[in-house]
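Asks: I'd like to ask you about the structure that follows.
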Amino acid sequence: MAISKIHSRYVYDSRGNPTVEVELTTEKGTFRSIVPSGASTGVHEALELRDGDKSKWLGKGVLKAVANVNDTIAPALIEANIDVADQAKIDEFLLKLDGTPNKAKLGANAILGVSLAAAKAGAAQKDVPLYKHIADISKAKEGKFVLPVPFQNVLNGGSHAGGDLAFQEFMIVPSGAPSFSEGLRIGSEVYHHLKSLTKKKYGQSAGNVGDEGGVAPDIKTAKEALDLIVSAIEAAGYTGQVDIAMDVASSEFYKDGLYDLDFKNPNSDKSKWITGPQLAELYEQLLNEYPIVSIEDPFAEDDWEAWSHFFSKVEGKTQIVGDDLTVTNPIRIKKAIETKAADALLLKVNQIGTLTESIQAANDSYAAGWGVMVSHRSGETEDTFIADLSVGIRSGQTKTGAPARSERLAKLNQILRIEEELGDKAIYAGKDFHKAHSL
């Protein structure tokens with residue numbers, strides 16, 4: 001079935017910045033997608049096209065990207081008359097139309113909006129749910145669907161928060177729950193205990209939430225943050241059922257080959273900056289003391305040596321996730337696999353810019369025995385595509401923020417609906433989240 005109309009406009013994301021929305025029409029109806037945007041972005045990501053006109057939206061307008069959809073992509077794609085259920089063909093057409101390696105001509109945000117809207121239209125054409133269409137495209141293992149463990153970002157530091165804490169995200173991981181819905185309930189209870197403990201210890205305003213719904217108290221060290229989370233898990237009565245994950249986002253505090261854990265202080269003492277191996281020692285201490293099952297971006301995106309050194313020490317003990325390291329880019333993923341730098345991919349569709357390339361990145365990772373964590377961005381919207389993506393590719397783990405703020409809950413609520421719809425045709429990844437694709 002062909003596409004009859006494509007229309008784009010700008011709408012606003014959860015940080016109040018403009019972003020691209022695309023509506024794609026076929027005989028089956030009109031299908032909408034909204035593109036997210038990140039705060040800490042890797043230098044190797046596909047290009048998100050912003051207008052740069054400082055007189056509007058502080059330079060963050062997306063009028064060019066919207067015009068690229070309406071004036072360039074729409075007429076060309078409609079004329080090409082490609083079957084909307086053939087996602088690979090649509091994405092290939094979009095890539096050729098752009099013609100640059102990083103989607104700089106049309107903008108990854110323009111291309112992705114069309115790619116995701118087409119996937120929704122393709123699912124409707126086949127009369128199947130979006131996650132089933134994605135499973136077909138990705139040639140996922142047949143059998144029961146896998147519902148992901150929700151990694152919930154409950155405490156924020158780094159570039160996502162004020163205070164001195166260098167590490168960006170601390171997540172609770174309800175891997176001991178019997179089902180997704182129970183995992184979400186446990187997460188929400190731990191989160192409420194964490195909020196009240198935080199207010200008690202750091203004052204009322206410390207309960208305010210950051211971009212992704214986590215609390216952002218004025219915490220100095222990772223140990224202090226982890227102690228607070230462990231106390232919340234205990235207070236909720238779930239010790240042993242809830243693990244912890246961290247996203248360090250260490251590229252944000254990598255300077256001159258060293259790591260500055262006091263990077264938010266403009267006068268930080270250079271003599272206290274530490275080397276990759278010293279930072280690795282800090283992680284090893286934390287791994288020994290806390291139930292940490294996953295560490296994302298422990299080192300800077302081009303500090304390959306530090307990644308390989310650390311991974312050789314902790315392989316099999318905890319999952320090491322590449323985000324800024326890999327930026328969902330096949331060339332970077334291949335290098336990370338070959339250098340044994342990590343064993344899991346953080347999958348962000350807007351880092352690469354089409355659904356087909358995102359699925360390819362996941363499949364390349366699975367083939368190497370890696371895990372895949374499907375992720376939101378800090379600038380999110382009400383679009384729930386990544387919920388279906390996570391179920392469709394059997395990722396077994398998803399990162400969509402705290403159980404707070406509607407743009408975060410939109411994804412978690414969508415997985416709740418999928419769980420209900422599938423009933424006994426689905427299993428919860430639980431402790432097997434790292435190898436969920438083969439369950």
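One is the number of the first residue shown, and numbering goes on along the chain from there.
Backbone N, Cα and C atoms are what each Cβ position is placed from, and that goes for glycine too.
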Asks: Write down the one residue from E224, E296, E301 that Swiss-Prot lists together with D247, D323 as binding Mg(2+).
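Replies: So, going by the record in Swiss-Prot, that would be E296.
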Asks: H160, E296, D323, S375, H376, R377, S378, K399 bind substrate according to Swiss-Prot; which of E169, E305, E315 goes with them?
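Replies: The record-listed residue among the candidates is E169.
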Asks: Provide, as an integer number of angstrom, the distance between the C-alpha atoms of D323 (Mg(2+) binding site) and E296 (substrate binding site).
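Replies: On Cα coordinates alone, these residues lie 7 Å apart.
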Asks: R377 (substrate binding site) has how many other Cβ neighbours within 10 Å of its own Cβ?
Replies: 25
Asks: Taking the Cα of E212 (active site, proton donor) as the centre, which of the recorded positions listed as H160, E296, K348, S375, R377 lie within 10 Å of it?
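Replies: Qualifying among H160, E296, K348, S375, R377: H160, R377.
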Asks: Near D247 (Mg(2+) binding site), which residues of its own chain have a C-beta under 8 A away, given they sit six or more steps off in sequence?
Replies: N153, F167, Q168, E169, M171, I295, E296, D297, V321, D323, K399
Asks: In sequence order, what residues of the same chain, 6+ apart, have a Cβ less than 8 Å from the Cβ of S375 (substrate binding site)?
Replies: D323, L346, L347, K348, I386, T398, K399, T400
